[in-house]
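Trainee: I have a structure I would like to understand better, so I am pasting it below and will then ask my questions one at a time.
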Amino acid sequence: MKGGKSKSDAKNTKLSVNKKPAKAAGKKSGKAAKDPNKPKRPASAFFVFMEEFREQYKKEHPKNKSVAAVGKAGGDKWKSMSESEKAPYVSKAEKRKIEYEKKLKAYNKGQAEGPKEEEESEKSVSEVNDEDEEDEDGSGEVSWQMNCNC
């Protein structure tokens, strides 16, 4: 056959799908681990407004379970509000921001002093326990299956 592939050739060729390589369990891509002790950022004026608006909206519409509907209604109301109506929410947000900055300074000061003595080493507790179990058999050898990182 000129110019084309036979049916048998077509059956033998497989379509390749570009799959992303599977990530190793427990590893994160490029991001540093978040510190659970770090203070959370304060809510903006809009989110302070939404805290109150959600409660009000739930009272007026008790059967509505849609988060999107609440968000859309809150966003529409926020856009229609004047600057004077938004002022109390802006002031609450500013107070929260000042409090956050105080907590962040204290947190950063503690970080600058150095790591605490209570922190674990790089090995997790389970890795340390696994090593203890391997040594209990008395052979002192570690099998290749236990240390395989495949």
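Including glycine, each Cβ sits where the backbone N, Cα and C put it.
All TrEMBL annotations are machine predictions without curation.
Per TrEMBL, the features are:
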type	residues	note
COMPBIAS	1-12	compositional bias 'Basic and acidic residues'
REGION	1-43	region 'Disordered'
COMPBIAS	20-31	compositional bias 'Basic residues'
DOMAIN	39-108	domain 'HMG box'
DNA_BIND	39-108	DNA-binding region
REGION	57-150	region 'Disordered'
COMPBIAS	74-104	compositional bias 'Basic and acidic residues'
COMPBIAS	128-139	compositional bias 'Acidic residues'
Trainee: What residues elsewhere in the chain lie close to the compositional bias 'Basic and acidic residues' (74-104), defined as a C-beta under 8 angstroms and at least 6 residues from its ends?
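Mentor: Apart from its flanks, the compositional bias 'Basic and acidic residues' (74-104) reaches 38-50, 53-54, 57.
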Trainee: Run through the domain 'HMG box' (39-108) and tell me, per DSSP, how many residues are helix, strand and coil.
Mentor: 56 helix, 0 strand, 14 coil
Trainee: Give the mean pLDDT for the DNA-binding region (39-108) on the 0 to 100 scale.
Mentor: 95
